[in-house]
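This report refers to the structure that appears directly beneath it.
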């Protein structure tokens with residue numbers, strides 16, 4: 001196309017109009033915008049030939065005549081409908097730049113190629129620096145950025161450089177964009193011919209799409225608030241790289257890959273060290289390499305962000321770290337995935353290069369809707385549908401679908417300040433085993449209001465919902481603010497309540513509290529069957545390291561049971577030694593009677609008597625009001641003085657290896673003691689109704705066992721058990737051996753877990769909150785009475 005065609009309506013008159021901008025006067029900006037519009041209208045109908053634009057000093061610019069299809073014509077028309085009005089609220093400009101690609105760039109490396117990147121400058125300040133495309137004279141960037149500007153008559157400079165690792169980067173050409181010749185609100189395709197002052201060498205060109213958007217005061221504040229993570233908006237004027245505002249967060253858990261193809265077809269060739277690169281828009285992530293395997297397991301979790309809803313293609317590439325050879329790729333269209341849900345799926349690499357297992361969650365989208373109470377009439381129909389879906393009549397369909405959890409995150413208050421200005425940028429992350437969702441970020445506040453609703457598929461009713469609040473930082477890192485852990489069996493359906501936050505280890509109180517409302521609907525038969533199967537493995541979890549204080553705590557926990565066992569042994573020995581004749585005579589009579597009358601079916605019955613004893617004791621104690629306090633005492637676990645073995649001052653590899661071996665051994669002993677102590681505590685807590693559901697389930701199983709042992713001879717039961725154990729592998733080749741009793745006990749909380757899942761009392765409510773609380777309780781009592 002010709003230059004004459006592209007510069008129509010962009011003569012020196014708009015430039016003259018733009019030159020009348022008053023930098024600090026709102027009326028001057030409004031007047032300039034109005035004159036610019038009228039000039040465009042007049043010249044678009046002018047029949048004479050347009051004037052030639054003044055060429056930039058070091059660049060040639062050509063504009064495409066066609067407006068891209070992404071332009072909203074109705075929006076443009078609405079902006080121009082108020083032509084001639086000087087009461088416009090615009091106070092500044094926002095320039096959006098889409099760096100597309102480059103062509104025919106000059107050679108700057110000895111290899112006959114270049115490593116180009118682009119710098120954008122405005123008034124001698126660098127606005128943005130693109131990524132470096134290595135060894136390419138026709139690079140494709142596809143990067144975008146936005147920045148506020150105060151004067152569109154000042155050109156935007158684009159400079160291209162060749163990256164050099166060991167010396168100064170080489171200049172590859174520059175060009176300027178005369179922003180005063182662009183029309184408001186209309187994306188314009190621009191071809192920038194690169195040049196160097198004093199040289200006539202052809203240096204290629206780069207393609208851009210530039211849009212200028214007049215901004216109101218509210219739009220300006222919103223842009224600064226979202227693009228700056230700092231104590232004040234003054235940082236927006238000092239920042240050198242424009243920040244981008246994301247619309248959604250993609251949480252990715254890379255689990256493993258299978259059947260990857262070797263990089264070398266040779267028997268003696270070593271196996272590859274595969275790692276994975278992820279790219280979403282301009283964001284990238286690279287995993288750690290797995291060592292010498294075609295079936296690697298990474299178990300890494302990270303976040304990528306969606307900035308442009310029209311670009312939602314997740315690129316996955318697998319490489320060999322040792323030889324840097326490409327091993328496979330695939331592309332995932334994120335628009336095909338439902339939001340606010342965790343998807344676990346195998347993705348096939350192209351050309352049969354293997355498959356990769358990912359957990360994808362797209363969340364963090366903002367909403368303007370207000371969450372309503374679960375008890376309101378609007379949610380009754382949906383809840384009745386869930387109750388019907390998980391009724392007893394459907395107990396044997398979709399056995400892994402145990403229930404459905406709804407969580408409403410309203411707000412938090414009194415959070416800790418993580419930023420310099422005494423504020424935070426908080427967002428909440430909800431995790432149910434491997435399912436992970438999050439809210440959007442509320443900026444510069446200690447009392448955020450999210451008003452978000454989340455749903456989870458429940459695979460195990462004994463799972464724990466973890467809600468963690470983080471502070472978002474501009475470097476893509478986060479700071480911990482507080483955490484809450486709620487076992488699903490402790491959820492009070494439809495109750496809107498405050499939860500006090502805890503620290504990262506759930507042992508001490510943290511600053512702030514969060515307002516939640518939860519509702520879980522589940523099938524008891526499916527839950528009972530699932531209880532006797534292995535727990536779902538959480539892919540992302542931290543391996544516990546050796547700590548002296550933790551080791552000593554575990555020793556003390558085991559010591560309690562050892563002391564109790566020694567006391568029982570001493571009591572029995574005292575009966576044998578006739579230390580108390582009366583006691584010894586009674587013990588002898590009981591022993592003889594029980595031995596003479598004992599039948600096998602009495603064994604589970606004796607265990608049932610332990611439940612009866614614990615239930616009676618619990619009922620009596622609760623009736624006297626001497627039960628456990630609602631408020632949990634803070635559990636002190638001084639892990640700061642952990643006495644970790646540190647080899648920083650050690651010399652020699654062998655000594656370091658010995659220290660590491662000692663650490664591993666002590667960690668194994670520590671974890672073994674923790675397992676033993678937890679197992680004994682779980683057995684005890686099974687009988688004292690710590691978890692009423694599990695105790696009731698154990699009573700039912702023991703009752704059935706009692707009847708079976710009473711009606712069926714023991715030898716037949718043992719034979720049936722042996723046949724089942726011997727034939728399980730024949731009936732199901734993929735059967736994973738397990739111990740049903742240990743699987744059951746793994747669901748019973750240990751004393752340590754009871755401390756972690758306990759609740760602190762929320763801060764006292766003010767008068768307004770107290771009135772709301774009393775009114776809700778009165779309404780519930782009225783509904784229950786009716």
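Yeah, the Cβs are placed from backbone N, Cα and C, and that goes for glycine too.
Residues or ranges marked as domain 'C2' by TrEMBL: 74-192, 231-347, 386-503. Residues annotated as transmembrane segment in TrEMBL: 585-612, 697-723. The compositional bias 'Basic and acidic residues' annotation in TrEMBL covers 765-774. Among the features that TrEMBL reports, region 'Disordered' is placed at 765-786.
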Overall pLDDT for the domain 'C2' (386-503), taken as the rounded mean: 89
Same-chain Cβ contacts of the transmembrane segment (697-723) under 8 Å, 6 or more residues past its ends? 528, 531, 599-601, 603-605, 607-608, 611, 686, 744
Taking DSSP H, G, I as helix and E, B as strand, the domain 'C2' (231-347) contains 7 helix, 54 strand, 56 coil
